[in-house]
Structures are given as structure tokens and as C-alpha cells.
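A.B. asks: The structure that follows is given in the form of C-alpha cells.
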Amino acid sequence: MAVHVVDHPLVRHKLGILREDGISTSRFRALAQEISRLLTYEATKDLATEAKTITGWAGEVEVEEIKGKKITVVPILRAGLGMMDGVLDMVPGARVSVVGFYRDEETLQPVEYYVKLASNIDERIALILDPMLATGGTLMATIDLLKKSGCTNIKGLFLVAAPEGIEKIVKAHPDVDIYTASIDEKLNDAGYILPGLGDAGDKIFGTK
């Protein structure tokens with residue numbers, strides 16, 4: 001497993017705007033999608049390609065096309081949907097798998113309430129989408145679910161991540177790569193990332 005911080009001037013600039021208190025819903029959505037495109041660029045660097053000959057304007061030309069495993073994007077409801085369009089802009093042929101969890105108030109553990117996975121999930125590369133990797137509990141449950149379904153090539157894409165969540169995933173799933181725009185300072189007592197983004201779901205959907 002590797003943790004990849006996508007350290008780029010455009011990413012840092014856009015993330016800085018995302019952190020602003022009072023940012024509009026439309027602006028937050030747009031920036032979340034823009035950063036998601038850049039995360040996808042990094043997360044797909046290792047896709048296999050093969051040569052192909054096509055007819056260009058001046059005759060035949062050899063080009064490359066992506067081959068091998070197909071991709072499924074896996075937004076975690078609901079906030080992960082805010083990253084989905086940006087990722088699909090980069091990999092428009094990807095299938096969409098959706099998972100949803102709620103937290104049990106007694107055990108504080110994630111409980112699955114919705115799952116719809118792409119066909120042939122065992123033959124696909126899964127890109128899990130969630131704006132924030134905080135405690136790692138929901139991500140852990142998502143990875144477990146995908147692996148039980150036969151998926152072995154899994155990556156997670158996050159706008160920001162907390163060290164605590166990263167450590168948890170590294171220990172439990174060393175074969176899963178994490179891509180994030182920032183590793184933030186820590187979690188507060190309520191489990192929010194500091195400095196973080198606040199409630200990304202509310203900011204994406206305009207709710208409170």
C-alpha cells in the first residue's frame with residue numbers, strides 16, 4: 001500500500017478555497033469535482049495500455065489505448081456523490097457502484113443500508129470516493145464489502161485525510177492505495193478532521 005498526497009499548485013490553491021467558511025454550495029461542488037479530476041489523474045497512472053494503429057488525417061499512426069481491468073467508481077453515500085462527476089469526466093466508461101452506511105448509535109460501527117455494485121466487480125479496479133477520510137470506519141467497511149465481492153484492486157480518493165484514519169487503513173488493508181489532496185493535522189473529539197472542510201456532505205448538497 002502507498003499513501004499518495006497529490007501535491008500540486010492547482011490542488012493546493014483549490015483546496016484552500018474549499019476550506020473557506022461560508023463558501024457557496026455551487027463553488028464547493030465545482031471545486032470538489034475539479035480536485036477529484038486531478039486525484040483521478042494520479043490514481044490511474046498505472047493503467048495498462050497497448051499499441052493500436054488508427055487512420056489519422058495523414059495516414060496510419062500508432063497510438064495507445066487503455067487495456068486490462070475496467071474501472072468502477074464507488075461513491076460512499078452521500079458525500080462521495082460530490083466527487084463522482086469529476087472522476088467520470090476522466091474515465092467516462094467506468095461503471096458506478098454505490099454503497100451506503102449509517103453509524104449505529106450504540107456500537108458506533110458503520111451499518112450497511114444500501115449496496116449496488118457493478119457487474120463483474122471481481123474483474124474491475126475500484127476507486128472509492130469520499131471527500132474525507134476521518135476515522136476510517138466507513139472506508140474499512142467499504143473495502144471489506146468489496147473484497148468479499150471478489151474485488152482485489154482497490155484505491156481510495158479523498159479531498160482530505162486524517163492521520164488516524166490513514167493509520168487504521170494501512171494496518172488493516174496494506175494492499176489498498178490512498179490518494180488525497182492533503183493529510184490534515186488530526187481529528188477533534190467529535191471525529192471531525194482539523195482543519196478539514198467541515199461537513200462536506202452538507203456543503204455539497206446545501207443542507208444543514
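For all residues, glycine too, the Cβ spot is worked out from N, Cα and C.
Swiss-Prot feature annotations, pasted as is:
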- ARG78, ARG103, ASP130, PRO131, MET132, LEU133, ALA134, THR135, GLY136, GLY137, THR138, ASP199: 5-phospho-alpha-D-ribose 1-diphosphate binding site (BINDING)
- ILE193, GLY198, ASP199, ALA200: uracil binding site (BINDING)
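Provide an account of the burial state, proximal residues and distances for the features listed.
C.D. replies: GLY136 (5-phospho-alpha-D-ribose 1-diphosphate binding site) falls outside any helix or strand according to DSSP and counts as coil.
Close to ALA200 (uracil binding site) in the fold, though at least 6 residues off in sequence, lie PHE28, ALA32, ALA79, GLY82, PRO131, MET132, LEU159, each with a CB less than 8 Å from its CB. Mapped onto three states, the DSSP output places ALA200 (uracil binding site) in helix.
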A.B. asks: Rank aside, I only need the closest one: which of the binding-site residues ILE193, GLY198, ASP199 has its C-alpha nearest to that of GLY136 (5-phospho-alpha-D-ribose 1-diphosphate binding site)?
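C.D. replies: Of all the candidates listed, ILE193 is nearest in space.
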A.B. asks: Other than ILE193, GLY198, ASP199, ALA200, which residues of the chain come within 8 Å of the uracil site, judged by Cβ distance to the Cβ centroid of those residues?
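C.D. replies: Those within range, site residues removed, are PRO131, MET132, TYR192, GLY196, LEU197, GLY201, ASP202, LYS203.
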A.B. asks: What's the CA-CA gap between ARG78 (5-phospho-alpha-D-ribose 1-diphosphate binding site) and ASP199 (uracil binding site) in angstrom, rounded?
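C.D. replies: With distance taken Cα to Cα, ASP199 (uracil binding site) is 11 Å from ARG78 (5-phospho-alpha-D-ribose 1-diphosphate binding site).
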